Amino acid sequence: MCGIAAILTQNLQTKESFIERAHHLLNHRGPDSKGNWQDDHVGLIHQRLSIQDLTEAGNQPMISENGRFLIIFNGEIYNHIELRNKFFPNKNWHGHSDTETILSLFEKFGIDMLQHLVGMWAIAIWDKAEKKLFISRDRYGQKPLYYRFYPSGDIAIASEIKPLLLANQSNAANHLMVAEYLALGNYGHLGNQTFFAEVYQLLPGSYAWIEEGQREITSSKYWEIPVIPRSEKISVGPKEITSLQECLYEAVNSQTISDVPIGASLSGGLDSSLVVGILASCTSEDNPISVFTAQTPGSRWDESPFVKEVADKWGSKMNLYAKDLNQVRISESLERTIYIQEEPFGDPSIIAHGFLMDMAKEVGIKVVLGGQGADEVFRGYAHNIKQLFSHELGRLNFSYTLPELSKSNFELQEMLRIGLGAFFPEVERKMRMNSRENRRFFLSDALREAAGKFEMSSRLALANNWEDSLRESILGVHIPHLVHYDDRNGMARSIEGRMPFLDHRLLELVSTFTAESFVKNGFSKDLIRKAGKPFLPDKVINRKDKLGFYTPIHEMLHIEIDWVHDMVGSPTWADANVIAKDIEFYRGKKDSLEISERLWRTVSLACWAKLFNVDL
């Protein structure tokens with residue numbers, strides 16, 4: 001895991017200034033060593049966090065044996081040893097870093113090497129002969145890669161946004177992104193766009209070539225979520241559960257490749273508990289894994305009883321470290337987290353995740369595995385389940401849908417919406433669209449006009465079926481912000497985050513299963529519950545609620561509502577009267593999910609604009 005940046009320019013002063021600035025701003029991503037390389041056309045920089053091959057043989061930029069290619073790479077390739085053995089059985093290697101493996105694969109296969117990689121990456125390879133820069137991101141975009149075009153004609157890329165911003169200058173906001181974030185909580189979902197109007201990101205699962213003087217980047221996809229016709233889907237039985245169990249084990253075990261200590265985060269939920277369980281199952285008592293959790297003692301959201309179940313099951317195979325979130329204060333945490341994240345974010349659980357990374361850093365852990373991504377891959381969100389029931393009910397699959405509905409926790413109104421979606425889908429879509437559009441009421445007139453219609457509302461409403469809407473939900477909404485916060489929170493503490501559930505082989509396997517396989521006997525993620533049974537306590541397997549690292553937002557707002565008022569002030573980009581009423585509501589010690597979410601997004605946006613000198 002590292003920080004990378006590059007600039008294509010023939011201006012020596014610009015190049016050297018960018019290199020110096022990028023090294024400084026990306027140092028936290030790779031404090032173990034740094035390197036750069038430049039010629040008349042390009043400057044490459046690298047900050048290294050040593051995970052595999054701690055020797056100088058893994059330093060970057062790294063040059064190919066034929067002298068033509070130079071690589072800067074951020075990420076981990078979990079199968080690189082297998083690739084060495086398969087394609088280069090007689091090669092004498094300089095070291096055992098995955099960077100050297102990638103470079104050799106690129107020499108041999110060119111861009112086709114991407115099909116062989118299992119892992120996460122942002123790669124930039126300079127072709128000295130063609131004077132072109134090749135860039136690529138992993139399938140889910142776990143590793144970030146941003147780019148910017150400058151009026152001078154220069155082009156720069158970086159692992160984070162900060163090196164691409166001009167010092168001591170204001171920055172323009174992307175008004176569509178701001179509007180959708182404020183009203184809907186969506187972010188990271190508008191393709192290559194960011195909150196900054198002039199900064200873009202390379203799409204996940206894609207690659208591109210960059211040359212001097214380009215004013216746009218045209219990327220190509222090398223991977224898509226597989227589309228399996230319904231007639232070819234497989235009903236899940238014992239054989240398929242065994243295959244899934246093996247795939248889950250391999251996904252976790254392959255991500256233990258490291259020359260430094262690894263740990264894991266644990267909320268007490270199904271997903272993180274399974275990752276910890278598989279890790280513990282292949283760990284000896286002489287080398288227990290470090291596990292990090294956050295708790296809210298005394299609250300109805302406290303998950304510590306489930307964390308204790310996991311700890312009791314694995315005993316001396318894990319060392320548990322806990323953070324009390326009741327002590328968290330927005331005023332002490334928000335600005336730091338916004339600076340780290342570089343963009344506003346959706347809820348305070350991201351602050352809680354940052355505290356886990358703080359604990360990991362304190363005990364010397366440089367790699368942390370987490371359970372993020374399981375809800376996306378295994379359709380664990382409530383709206384996924386509602387879509388599934390509507391889809392199957394519309395197909396008149398009563399033998400499945402009616403018993404499952406009776407065992408679900410859905411209230412009558414929710415069941416009626418499910419039925420509406422099944423038999424009058426256009427009406428339900430229109431209601432969904434109107435609901436989203438109505439939430440723009442507190443935006444300023446200028447912001448509403450600049451944003452136009454909410455793009456995500458349209459994209460989701462136009463999805464033709466459950467599979468289409470699910471695909472849009474996975475790659476368009478949820479995973480982009482998961483991988484964003486995990487990368488930033490970890491790398492700010494020089495820690496590499498890994499997500500076993502985002503092993504693409506896992507999604508490719510479960511995509512072959514029938515829709516009915518995902519919810520059984522009233523339980524979502526039934527596939528995980530069955531395949532993960534050997535690794536999970538019974539009380540965790542039988543959980544129906546979902547909390548994650550809940551951060552007590554209502555209590556935080558009650559305590560620090562005056563600080564929120566001072567930070568937000570009288571915004572020109574939102575209806576100040578609405579915000580003032582929201583603040584008075586929380587001064588009265590009341591609770592409201594809708595108002596708390598609106599206040600949270602408002603204060604996050606205000607904080608972001610202040611820290612990054614953004615014109616809203």
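Positions of Cβ are set from backbone N, Cα and C atoms, glycine also.
What TrEMBL lists as domain 'Glutamine amidotransferase type-2' is 2-213. Sequence annotations record features per position, and here TrEMBL assigns active site, for GATase activity to Cys2. Sequence annotations record features per position, and here TrEMBL assigns L-glutamine binding site to Asp98.
A separation of roughly 13 Å, to the nearest angstrom, links the Cα atoms of the residue listed as 'L-glutamine binding site' and Cys2 (active site, for GATase activity). Within 10 Å of the Cβ of Cys2 (active site, for GATase activity) there are 27 other Cβ atoms, across all protein chains.
Every protein chain shown contributes to the tally, and the Cβ of the residue listed as 'L-glutamine binding site' ends up with 25 other Cβ atoms within 10 Å.
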